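This report concerns only the one structure given below.
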Amino acid sequence: MASYQARGRDPLFDSDTAATLERRGRELVGVGLVIVGLIVSAMIASYSPDDPSFLSATDAPVQNWMGRMGAYIAAPLFMIVGAGAWALAAVFLTWGGRLILHRGQGRAMTCLIFAPIWVALCSVYASGLTEGAEWGHNFGMGGLFGDMMMGSIIGILPFSVGLGLKLAQLFLGLGILGLGAFVLGFTRPELKAIGRFGLIGLLVSYATFVRIAGRSASGAMSGAMTGAQRLQAAQQERRARRMAEADAAAAAQEAIPMAAPAPLVATRVRRADPLPAAPVYEDDDDYIFEDDAVYDEPAVPAQPEKGGFLSRMPSLIRRAEPMPEPELVTREVDHDIDAPGEDRIRAKIAKAVSARGKPVAVPGVQKRPDPTKPLTKGRGHGPQPLIFKPQTRGLPPEPPLTAAARSLPPEPPLTAHHAAPMAAGVATDALTATRGLVRAPEPQGAMPRFAAPRHAEPQEAMPRFAEPRAAEPQAAVAPAPVAQPMPEPEEAWQDDAAFAEMRDFDDYGDDDRHDDHHEDRAEAWQAEDSAAWSAESAGTWSDDDFGEAEEATILDHSTPAPTPIHRAAPAMPEPKKVVQQPVRKPVQLSTRAQLEAQPKLSFEDRNVDYELPPLSLLMSPDQVTRHVLSDEALEENARMLETVLDDYGVKGEIVSVRPGPVVTMYELEPAPGLKASRVIGLADDIARSMSALSARVSTVPGRSVIGIELPNDNREMVCFREILAGREFGDGNHKLPLALGKNIGGDPVVANLAKMPHLLIAGTTGSGKSVAINTMILSLLYKLTPEDLRLVMIDPKMLELSVYDGIPHLLSPVVTDPKKAVVALKWVVGEMEDRYRKMSKMGVRNIDGYNGRVADALSRGEMFERTVQTGFDDETGEPVFETEQIEPKKMPYIVVIVDEMADLMMVAGKEIEACIQRLAQMARASGIHLVMATQRPSVDVITGTIKANFPTRISFQVTSKIDSRTILGEMGAEQLLGMGDMLYMAGGSRITRCHGPFVSDEEVEEIVNHLKAFGPPDYVSGVVQGPDDEKADNIDAVLGLNTGGNTGGEDALYDQAVAIVIKDRKCSTSYIQRKLGIGYNKAARLVEQMEEEGVVSAANHVGKREILVPEQQ
C-alpha cells in the first residue's frame, strides 16, 4: 500500500474558503451558546421547589418553562450554587454574542478557565442575602456550597458575625465585579466604552426631562411676567420724574467750565465727597421686578430663547442669522426708598468690585457683530471677552508711547469736588484710547458740563481672563502728573473661582428692592473703579480683544495715530521629531558605469577576447516607482504603535522612525526593567493590531532600543542595476563581490564571498531564494572574467541553473544528476589538495600570494621550476630526480553553487556531508568557496557539522520558528515578507535584514547570450567523469569514506583478521568482532574485504563461509 506525505498534498479548500468556513463555524457555535443561555435562563427563572426532581417526586404539574427536563436540571443547580446559577446563563449568553459578533474570540479559553471560580464566588455572595418568603428551602440563596463557604469565612474572621458578614459581602462583591469582567471577556477599552455610553445616555435623558418640564412651567411663568411688566411700567414713570429732579440739582452744583478740551488720560480717579444736599424721596412699597437687562437693553428686542439644554446647542456652534445692532437706552432712576441692611450694602460693594472687569459702553460707537463667527459658551450680545493680565504689584505704569499724548497740554490737577462727576468721562476716554481713538477737541469758548451717569450697567457677558497674546499692537496713554494709580489687590483678580463667586452673589441681589441713596453711592464707587481700571489696563487691552478692530473710527484725522509696539513672541521649544527620513542622495556611479554612460564611437578598439556584460542589459532604475511616506503618517503610525504596546502592558516610547523601501523600523525605548524577550514575543499580536502582514521585533546591536519592523503599504522594488552601478560594488576591493540588495534604510548591501568564506542559504518555495542565487551569480559574472573565476554548478532540480549552461566561466556542464554531483564534489576536494601542494612548494599561504608570485614571474619572463622523480638508480637503488620548467599559470577562484542540497543528502548523504565538511574546513586558502541552498532547513539536511563550518548564512521566509532557529539560531525568519526579504547573518551572529534585488528571466537570458558570444567554455575533463582509480582512492582516504581516515591502522587490523581466520579456520563477523575487540561495522567491513580478495568465500544458505586460503604450517 502506497503511503503519501501529508506535506505534499493539496489542501481541500483554499485559504479564503477555509477562513470563511471558520468564521461561519464560530457564528454557529455562538448561536448555539446563546440558545443554551436562553434555555438556562428560562429554567432558572421558572424554577419552583414544588416541581419534581431527582430527589423528590410529586404528582403536581410541572411549572418550569422547560418542562420536566428543565425542572430536573434546575433543582440540583439551585441546591448546589443557588442564585449563583445565573452566572452560568450570563457566561453562555455573553460568549455566544461574542462569537457571533467576532469580538474577543481569541481569549475565550483564557477567560472561561476561571468561569467555575466566578460561579462559586456568586454562590458564596448570594448566601449572604436575605431570602424572600417564596424561598421554600432549608438552605440559603447561595445553595449548600455557598452556605458552607460563607460559614467558614465568618468563622475564620476575627470579628463579630454582623461585621464579618458585611466585610465578606463587600470584598466578595468587588471580587465578583472584577473577576466577572475578566470571565466575560471585557477589556479595559470595552469597559470605558460601556461607561461612556451609559453616561451619555444619562445626560440625554436628563436633558430631555428638563426640556419637557420647562415646557410645562412656561405657562405659569408667562402669567407672572405679565404682572411684573405692569408693575414695572408704573415704576418707570416715577423714575423718570425723580431722575429729572436729581439731574437738575446735580447740574446746578457740580457743573465746572473747562478752558481746554480734556486730554486723553489713564489715571485713577479718587473718590468724590458726598453730595452737599440729597433730594427728598418718597416712600414706595411696590415691589420691583427687574434684572440687569433693564438698565441697558437694545432698542430692538432680542429673540426669545427656547428653554432646555438641547435647544441651545445650535446657537452655541454658529449664529443662525445676523444679530440686530444694539442701542443703549438710558435708565431712569428709581427713588424707591427702603431701609438699607448690612447684607444689601455688602451685595452692592461686591457688585461694584465685580463691575471693574466689565467693559463700559461708549456712546457713538456701534458694534456690528459678525454673523459668520461661531459663538462660544457664555457669549451674549456684548463684545468679545477681554484679555486681562494683572500688573505686578509695585511696578511703575508704562511710559507714554504716542506723540499725540505728549503734544497735549498738561492736565490741571483734579480736586475732590469735581472728581466724581468726571469719572464717566475719564472712563470713556480711557476706553477710547485703548481702541486707538482720539477725541476731537471742542470749539473755543465751549464750556462742557459733566453729569454723573446714573448706574451705567455693563453688558451681561462677563470678561474671560487669560494671558495676553504676544506680538500684538498695543498703545498706552500718558498718565496725569497728579493722580497716581493705586495698587490693586492681587487677591481680587488672581482667583477666578472667587471672582465667579462674587459674580453669582452680584446677580442674586438684582431682584430685591433697593435704596436709591445707597445706590448712588455704589454708582459713584463703580464709576471711580471703572475709570481707574480702564486707565491701568489701557496699555494691555487691544482691538482684537473687543472684536472690533476692523470697525474702529478715527475721530480726529489731524492727530497722528498711536504707534503700535510689537513684542516678540517667546521662542517655543520645537517638539522632538521622531521620523528620520533617509536622505535620498543620488547614486554615485562607479567608474565603469560612468564609462558605459558615455557614447562610444564605432572605430574605437575593443577587447575581442572577452568583455564584461554591460549594465544596459538590466532594467533601468528610472522605471522603478518610488514611494515616500509623509512624516505625518509615520508620526500617526508611531503613536498608534505606542497605544498598541500600551494595551499589551509594554511601557516605552517610540524615539525614532526609519522608513525604508520595503519596511519601516520603529525604534522603541523600553521602560526600565522591561525584558526584550517579552516585546519580541508580541510580534504576532503587534502585526494583528496594526493590521500588518507580519511584524518582526528584534534588538538593535549596539543600542538600547528595540526595533519593530512593519511592512509598508506600497512595497518598492529593489533594482539590481542600481546596486551594480554604485561605487561600493564597481570600485570596491572585494575579490568576490555579491550584491545582496538593500537594507532597511535603502542603502546597498554588498558582501565579499572571499571573506565569508562559504554561504548557506535557506528558504521555502516562493520566498525569492532562486532569484537571490541568480543575482549572486550575475554579480560574479559582472565583476570577474573566466581567467579569474570558474564555476561548478550543481542543480538536482534541473530548472534553475540550466540556463547558465555554456558560459565561459564553467568548469563543467551544469551537473543535474545527484550521483555525478558526488563525483564533482570529490574532484573539487582533489583540486583543493593539489592547490595546497603547489602553494606549499611556493611557500605562500593563500591563493592571493600564489597569484602574486605568478604575476611577478610573468612580468619578468621567468619560468617555474619543479623537481620530479624519474626513477631509481640501478646500482645504488636511490631515487633519481630531474628538474623541469613549467609555465606560471594563474589559479582562478572556484565557486561551487549547489541549488538544492536536500536532494543530494537524500541520495548520498554521507559522501556529500564528508565532501562539504572537508571543503568548508580547508578550501578558503585555496580559493574554493561554496554557495549552498536548500528549501528544507531541517536538522537532517543542515546538520551540526555543516552549520559549524558555515558561519555566514542567509535565511529567506520559512514556515516555522523551528526552521528559523535551525538556519539562524534564533526566531524571526518566519515573519519575513517573502519575495526577496531576507535575514543576512555574517560572522559573529550579527543579523541584518536585507531586501534582495529582482532579476527577470529575460535579463538572465540576455546576459548569458552575451557571454556565450565569446566562445565555448574550456571544460575540465575530470570534473564529471571522475579521477583515475588511484587518485579516487586517495580522495576517499582523505574524506574517510573507505578506511575511516586511518589507512595504516586499518591495514594492520586486516592483517590480524586474516591471520586469525587462517589459524582458526573460522570466519564470521561476530567472531572477528570478539577476537579483535572492534565494532560490528568495522568487523563486517573486514569480512567483506576478505571476501573481495579471495580469502573466504561468500556465505552459503546457512551463513557459513569457507576458508579458501590453505592452512599454513
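Cβ atoms here come from the backbone N, Cα and C positions, even for glycine.
Per TrEMBL, the feature ATP binding site maps to Gly763, Thr764, Thr765, Gly766, Ser767, Gly768, Lys769, Ser770. According to TrEMBL, the compositional bias 'Low complexity' annotation covers 471-481. Among the features that TrEMBL reports, domain 'FtsK' is placed at 746-965. Per TrEMBL, the feature region 'Disordered' maps to 358-417, 467-490. The annotation transmembrane segment is assigned in TrEMBL to 28-49, 69-96, 108-127, 139-160, 167-187.
Overlay of TrEMBL annotations on the structure.
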residue	record	Cβ within 10 Å
Gly763	ATP binding site	29
Thr764	ATP binding site	20
Thr765	ATP binding site	8
Gly766	ATP binding site	12
Ser767	ATP binding site	25
Gly768	ATP binding site	24
Lys769	ATP binding site	26
Ser770	ATP binding site	20
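Tallying C-beta pairs under 8 angstroms between the transmembrane segment (139-160) and each of 28-49, 69-96, 108-127, 167-187 places 108-127 first. Count of Cβ pairs under 8 Å against the transmembrane segment (69-96): among 28-49, 108-127, 167-187, the largest is for 28-49. Excluding the listed site residues Gly763, Thr764, Thr765, Gly766, Ser767, Gly768, Lys769, Ser770, the same chain places Gln935, Phe956, Gln957, Gly978 with Cβ atoms within 8 Å of the centre of the ATP site Cβ atoms.
In this structure, Thr765 (ATP binding site) belongs to neither helix nor strand by DSSP; it is coil.
Note on the domain 'FtsK' (746-965): mean pLDDT across this stretch is 88.
DSSP assigns Ser770 (ATP binding site) to a helix.
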